[in-house]
Structures are given as C-alpha cells and as structure tokens.
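Engineer: Have a look at the structure that comes next, please.
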C-alpha cells in the first residue's frame, strides 16, 4: 500500500510507468570528457526532479538493472527505471543518440513537500547550493557527503584548462573607463603645465626682487650689474625665512656689492663727507645730497640710517657675523650706532639673522663638497659599476647558495640565543648569596639607572625565560615549517634560473627609472611655474600705530596722487610679494594639489607597468613545459606590449587607489607639521592614529596591487577580478605566503647589505689611500666621506634595482606555483609545470616526462 501511495504521488497509477525524463542532448550539459560522477545533472519538472546518471556509475552503485530505493515517508521515494523503460518513455536507451556507448538512466524524485509551518522553508530551500558555487554553505545539521568538495570562504581553485600554457594571448582591453579617465587627466595635466608656463616666471625664484618689483642681476635692465639685494634696516626683519620670502617690511635695493664697514647717514653728512660717494650707492637711485633734513630722509627711507659689514648669501646682504672668544661680533665689534642716536649691541641683530653664521659656514662646506665631487666623480662611477657587477654575481650565486645562506643565518640566531640563555643562567647562579640580589623588581620600583636591575637575580631569570620562549618558538617553526621553508628556498633558486634565461629583465629598471625621472622633472617644473605665477603685489609700508593704511595694497603708479602720503607721512608703496586676485591666482593652491596628485598617480603607474611587464615575462618562463625550448621569443617585449595595449586601464585603476591614499598621507603630514606647536594632546593623538592607519593601508594596497598585476599579466582580466583571485589564492595558502615573504626579504636584504658594504669597504680603502697599488691614482679630497657615502648609497640603490626584479620574479613564480598545484595533478593529461626540485620536496611526480 505504501508503494501504491508513493506511485500515486508521482502522478500515475500504481501500475503505471513513471513519466518520461528526456536526457540532455549531446553537447548541452553532458560532461562526456570528464570523469563519471554520481550526480551529473538535475532538471525540475512537474513530476519531480530528473537526475541523470551515467551507466557506468549506476552499475557500480546499483548492480540490478532495475532498482528502487526509499528513504522513508519524509523523503518520499525515488523510482529508477531501466534502460528499456527509459527508452520506451522517450528518453532513449543510448542517451539520445549516444550510439549505445553511454546510456543515461532517469532518476525521479517526488515534488517538493509543502513549507514547514515553523521555518516557512521547503526542504529543497534548506539544501546547500551547488558545490562549485563560492561561499555556498550547508544548513545546520546537514551532513556533507564524502564526494562533495569542501566549500572555502576564499573561493574555489581555478578549473583545469587544457589549452592554457602561459600568459593568455587572446585577451581584450580591461577597465576601459579608467583608461579614458587616465588619458583625460594626463591631457589636463599637460594643459595645466602650459598655463603655468604662460603665467609663471622662474626668475622670481632665481633672482631677488627690489622694492620696485625689479629683478636684481637681470640682463638688459638697469640692475644688470647689481646682483645683490640690500635691506635698509635689517632690524625690522623677523627671521631669515622672512628675508628669503621677500616680505621684510623695509626698503630693499639692488646693489653691486654689500657694505664692508660700519657707517651712519648722519656721520656721512657731517664728519665723513669724503665717504659720501661710497655711502650713496646704498641710497635710492638719483638721491644725491638733497635739501631734505635728516629726519625727512629717515622718514622717507631715501637712504639707510646705517650700514653694517655684510657679505652676500643667496644674493642678499646679511651681517658678517663671527665669534671672538665666544662673543658674537660683526667686523670684530660688539656694538654699533644705529644712525638714530643710539648705540646698539651686535646681539640686537641676532633675531633678524638667526642662524645666518652657521648657514654661511655651510656654504663654504658646500663649495668644498662640490670640489670633492668634481675630482672624484670618475671613481664614483667605477664604484657603482662594481656594485652592478657584484649584484649580478649575487643573483647568479643565489641559485646555489640561497639555502646555505638561510640555514647559516638561522642556526647562527639559534646559537646566539642559546649563548644568551647560558649567560643569563650564569649571571643568575653567580648572584646567588649576594646581599640584595634576591630583591624583586617590584621592591626597588622604578630606577633611572638600568644597572641597578642587573644586580637582581629576578632580572636575569626573566631574561632567561624570554630567551627560552623565543628559542623554542624558532625551533618549533623550523620543525613544522621545514617543508615550506624548503619550498621558499627552491623558489628562490628557480627565480635565479629564470633571470638567467631572461637576462633582459635585469635592465628593465632603467626604463622605470627614466619614466619616474620624467614624472619628477615635470612635477618640479610645474610646481615652480605655479609658485611663480603671481603678479607683483605692493603694500603700504608705514607705522601701523599711526597709519590706518599700513599693509594695504597699493599701486606705485598712482600712489603719490593719493591722500595716503598726506595722512601717513613717510608711507611708501613698496613691493611685498607675488600674488593676485584673479580666478587663476585664487585657485593656485588647488592646482598645486592637483599637481601633486597626478604626480603620485603617474609614478605609481610607472611602477605598476614595470611590475606587470616583469610578471608576464617570468610567467612565460614558468608555464613553459620544456625549459628553455618552450619559452617564447622576447618574452619581456611581448609582455610590455600586452600591458600597454590591453591593461593600461587596469594599471591606472590600481595606481589611482594607491595615489589617493598617498595624497591623504601627504595632507596628514602637512597638518602634522602645522600642529607641531599645538598643545592639543587629543589632536596629536588622533593625527598619529590616522597616519599609522593610512601607512598600514598603503602597505596592504601595495601588496594587493603587486599580486593583482601578476594575475593581470597571466590571465588578462580586469583589476578587481585579478585582485580578488590573487587575494583568495594567497589566503588559501597563507602559511606558505608568510614563509616565502620572510625568507625572500631576508635574503634580498642580506644581499643589499653585502653589496653596499663590500663596495663601501673597498671605496674606503681607496679614498683614504690605503691601497698601495692605487695610492697615486686616488684623488686628494677635502672630505673623503663625501664620495664614500655617495658610493655606499648608490651601491645600495643599484642593488635594490636589480633585486627588485628578483623579488618580482619570485612573487610571480610563487603565484604560478600555487596555481600549478591547484589545477594539475601530475597525470598525463594534467602534468605539473614546476621544477623537479619542487616536485621532490612535495613528494609529487609527473607520470610522463614530456607533455602530450
């Protein structure tokens, strides 16, 4: 009776045959080329769900040609028809034209049961989604079957593609919208540079400007031979920064040389008339013994009230400070007359020229440094060439010594920590019985002298425990991560082998350097032209307490016709700074920010282009089954062409995200500089937290972008899809990522230190004449450390350029290695592409020696 009721629920009489289920047509959903699986296809119909099973699979699961299985009243019944019944029902005994090679058996299940009154869900809705769907989770209480693939929160491995053999050639343009925006921004950046070039004048930076807005030393002007700016009353200037910014509230005049003696205007008129011609060159042009009184001359600032011995610096006259027996002097004098009837001390000039003496001394040091560079530049280039050769040799030797270097360092660290443990125990045992050594750190409290704590046994016990913990952690990591460390070392060796086959990649950093140099040059020139785009702005110079027009904008052409000269006796309309009130001048700050932003975007794009290009070249090496015969011709050039032609938008997208974060960091640094003198502790704390967060975000984005560019170079997808796939692939192998990253960082850092240190030691012995063979060839230097530091820093940068290629190679090979593990199994149809050393470490092998 139960069987009859189940048959009736299927829509027929107890004796009627089950309704026919047509199998899928050939080529539409039938995975004929794949392995037979238990569950191949399900299609819902009015009668139920038709599930198709291949004959081979069914024969293994159900020996009988006709089987019926029931899972109880709750699940309903599944009726299985025989091949003949399926054919009679229209299904086709051979699977719908399968020529009898593979018969498809229809499997019927009853319609879904009504919704549960409590949960309002059908049982079908509570079942898990398709196994291949990322993130499909099973409901609570549901047991997973043995054959179901485990769902991963980081996606599923890439499916095997028999046609894949390296970076895809048939690809399309990605992130086209971002590419268009990028091109428009570049055109706008060029337009901004043109506008800045039209309005700007770098001579405003190169030449000082007098009170009349004229450049000092400019050719074809009355000031052509007057190259130095002289200040009438330098005591009015607050600091050297104000002087350099040309905003000192005193008359400024172009002169041919700075004064070299003390003198006052009153003395020149009365006692020292013979020196008048000398003093007159520091007065306004055309002023020659006027009938004005001394008071009127001082009020109108026709002549300076005094002059002091000065010397030029930055094309400006500054007092000639010096020290004598620890006392500040000017021309060996400690006092001077200010021309207004007072005797002033030289220290009164200190605020107006604070630190000028040190800056002037630095100028002489700078001249000596320039002389050292002029006499040693040839040997500096030789040192950098030696660094390049040593870097190449180191990369080649890494194929053979990578493992040796790493294990020597690891066992060296273990030995040093072991010695530290023994030393702590010895100190702990030695202090036994010494009075006061048994006190605790809590008993003695906080002490500024750290040596007090070293007299306590508890201190050495704590040190020993900490070192033991570190030692145990390192040993456990070596034990449990030994295979991953071996994989990392094998990948490093493989990277050296890849660079050996594609030597042109070592010289690609030159292209990146040229692109970045162009970006820096354009940014600097545009910034200078924008900063000098202002027009001369003149201000009323007068006593602010007596004149309400002081510091107001004025015009020299019409100033004498205004009432200002009558209401404010002695007021003058003098040049103050460069600026403007037009729309263009009001938005110069916005243009400067835009200039910085596009500069960051372009620099990041140049770096991204290099990373994507190198990744494509090294991926071509990895996915070549027979190396080097299967490596394509000119892989670096081909990869560069693919990156430019198809993925400019994707590279621009990743660079844009990074540029935005970097711009925010620049703004935060600017705000931090402005708040240096602030006493608001909360603002400082908040700013510090923001800087830390955005620093971490920038590091994370660089890591994501780097791996995304690798996936773009290989598979040709857009930036977001590539970043997602790369991130999920790394998260599925997070331990291997951490180990490889640290091992690579250590070996490359060690290589940079070895290159820079080795070449630096050689340069030290050379420039200090300690190499007998080159004693006469070494140049005579003022400071031998000038070329020495240049060689050391330059060698480090050269090594960094070469090793950055190596790091990109290792990262690319690592991602390819992970894809290789997930997509292949070593069978004749799906062989591994990794090297034999990696296969040996993983205890895997290919079942054939060459690709079918």
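The backbone N, Cα and C atoms fix where each Cβ goes, and this holds for glycine too.
According to TrEMBL, the feature region 'Disordered' maps to 1-37, 86-157. Annotated compositional bias 'Gly residues' per TrEMBL: 87-100, in sequence order. Taken from TrEMBL, the feature compositional bias 'Low complexity' covers 129-141. Annotation comment: TrEMBL describes 176-198, 377-397, 404-422, 460-481, 501-525, 593-625, 646-668, 709-731, 746-767, 788-808 as transmembrane segment.
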Engineer: Using a Cβ cut-off under 8 Å, which residues of the same chain at least 6 positions beyond either end of the transmembrane segment (176-198) come close to it?
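Structural biologist: Result: 522, 525-526, 529-530, 533, 584, 591, 594-595, 598, 601-602, 605, 648-650, 652-653, 656, 719.
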Engineer: Quickly jot the same-chain residues contacting the transmembrane segment (593-625) by Cβ under 8 Å, restricted to those at least six beyond its ends, or write none.
Structural biologist: 164-167, 182, 185-186, 189, 192, 495, 498, 501-502, 505, 508-509, 511-512, 515-516, 519-520, 522-523, 526-527, 530, 631-632, 635-636, 638-640, 642-644, 647, 651-652, 654-656, 658-659, 662-663, 666, 705-706, 709-710, 712-714, 805, 808-809, 811-813, 816-817, 820, 831, 833-834, 850-851
Engineer: Are there three or more C-beta pairs under 8 angstroms joining the transmembrane segment (377-397) and the transmembrane segment (788-808), sequence spacing 6 or more?
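Structural biologist: Yes, since the transmembrane segment (788-808) and the transmembrane segment (377-397) share at least 3 Cβ pairs closer than 8 Å, they count as touching.
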Engineer: Within the same chain, where does the transmembrane segment (377-397) have neighbours whose Cβ lies under 8 angstroms from its own Cβ atoms, ignoring anything closer than 6 residues to its ends? I mean 6 or more beyond.
Structural biologist: 496, 499-500, 506, 751, 754-756, 758-759, 762-763, 766-767, 778-779, 787, 790-791, 794-795, 798-799, 802-803, 806
Engineer: Using a Cβ cut-off of under 8 Å, list the residues of the same chain at least 6 residues beyond the transmembrane segment (746-767) that approach it.
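Structural biologist: Hits for the transmembrane segment (746-767): 376, 379, 383, 386-387, 390-391, 394-395, 398, 402, 405-406, 409, 492, 774, 778-779, 781, 784, 787-788, 791-793, 795-796, 798-800, 803, 806-807.
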Engineer: Looking only at residues six or more beyond either end of the transmembrane segment (646-668), which have a C-beta under 8 A from one in the stretch?
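Structural biologist: Hits for the transmembrane segment (646-668): 171-182, 593, 596-597, 600-602, 604-605, 607-609, 612, 687, 690-691, 694-695, 697-698, 701-702, 705, 708-709, 712-713, 716, 718-720, 722-723.
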